[in-house]
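Straight from TrEMBL, the features:
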DOMAIN    49-463  domain 'Major facilitator superfamily (MFS) profile'
TRANSMEM  52-72  transmembrane segment
TRANSMEM  92-112  transmembrane segment
TRANSMEM  119-137  transmembrane segment
TRANSMEM  143-166  transmembrane segment
TRANSMEM  178-199  transmembrane segment
TRANSMEM  219-239  transmembrane segment
TRANSMEM  281-299  transmembrane segment
TRANSMEM  319-338  transmembrane segment
TRANSMEM  350-367  transmembrane segment
TRANSMEM  373-392  transmembrane segment
TRANSMEM  412-432  transmembrane segment
TRANSMEM  438-457  transmembrane segment
């Protein structure tokens, strides 16, 4: 199938009944009747105000899952003392997120394509809530395995989260907002990681009394379980699958092609084959996996790395993690706005990646300055570019693989990130405990150099943008 030609043809055919106009939320359609309050015209297509409610709900839902990722590792020294376990077991509470995602990405992507956004999201929020409640019953020095089971269930639920931002943005938002919407969707995951960094050290301080530690852990687990329960109710009531009409020519073309694929019984495996034979997407899989894998490794081992130079600064460790993620949120939003305004996907991706690599080198050689404020600053710089890269990678992937489902391309990118995350975390841990933080961090910086080179070799084949341009031109000249 010629993807460009098919997408463009579908967009052109589907666009006959619309009038083109510049896409903003403040422009009314060019007809005699004013739009309903819930509807805004965008390039002749309609977007709905409720899209923001759907996106905000997703942000908090994603955050409730992501906050549990580093819930144990950020207070590594306290967990090992309370449960009487090794550092490795605590590291596994983070790596279980990565390990379980990899084999489930293909069924998860298939489920998203078949069941849609609403059902997939509800399955994920139920799993997140159930896992959080199981951990409530793990507060005893002999019950670490119960907490680990709860953590594993929450990790399973992320399969119904990580692939959704790009799909949600494409289904609900117009062409001038889709990259920003993806950034906000990814922002939810980063918000959760930020909460996971900062709340556990505050809620569970390093007390000498194990009874006090147990009570603090119980309170933390109850708070998380209560939050996820509220979100479950809100998602069930308010989260919707898709708008009544597509928001853009590209999305209408994608829906038309999905319909033709269903009629022709084109399988999920055929879509997967199309992705895996796309040279540029393979390059992006590798570079994206390297970047996010390095972030996972640093986040998992942040507690022992910082405490090596600043003993007793458990709370600062959490706040440094928070600084990384907050800076990354800002980077995500800035990157999304840049993409929406310029549509320079390759150039933005390469710039953000290269600056991530520079940030890693700076972070490596400023840990031992003796001034923890310097660590805050360099960690924030690293986070701005490294976690700010996440939505850029998603959107570049959607461009390279159009009209394949965004959930499938996002899922494969996440699977690559989890695979590299496991390998890099194990590698980083071994180097850190055997040789120290400098060799471990230098190894990660070298990996980012490799990723930058792969990104530079990726060709800018913007298929979705081409379909949007052709569809808009067809709408202007029916």
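Placed from the backbone N, Cα and C atoms, the Cβ positions cover glycine too.
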Most Cβ pairs under 8 Å to the transmembrane segment (373-392), of 92-112, 178-199, 319-338, goes to 319-338
Taking a Cβ cut-off under 8 Å, which residues six or more beyond the ends of the transmembrane segment (178-199) line up next to it in the same chain?
-> 51, 55, 58-71, 74, 161-162, 164-166, 168-170, 172, 220, 248, 299, 302, 318-322, 324-326, 328-329, 332-333, 335-337, 339-340, 387, 390-391, 394-395, 398
For the transmembrane segment (219-239), the candidate among 92-112, 119-137, 143-166, 412-432, 438-457 having the most Cβ pairs under 8 Å is 119-137
Would the transmembrane segment (119-137) count as touching the transmembrane segment (52-72), if touching means at least three Cβ pairs under 8 Å and pairs must be 6 or more apart in sequence?
-> yes
Cβ contacts the transmembrane segment (52-72)/the transmembrane segment (143-166), at least three under 8 Å, sequence gap 6 or more = yes
Near the transmembrane segment (350-367) in space but 6 or more residues beyond its ends, with Cβ under 8 Å, are 287, 291, 294, 305-306, 309, 331, 335, 374-375, 378-379, 381-382, 384-386, 388-389, 392, 437-438, 441-442, 444-445, 448-449, 451-452, 455-456
Which one of these stretches, 92-112, 143-166, 281-299, 438-457, has the most C-beta pairs shorter than 8 Å to the transmembrane segment (412-432)?
-> 281-299
For the domain 'Major facilitator superfamily (MFS) profile' (49-463), what's the model's average pLDDT?
-> 86
Here the stretch out of 92-112, 281-299, 319-338, 438-457 with the most C-beta pairs under 8 Å to the transmembrane segment (143-166) is 92-112
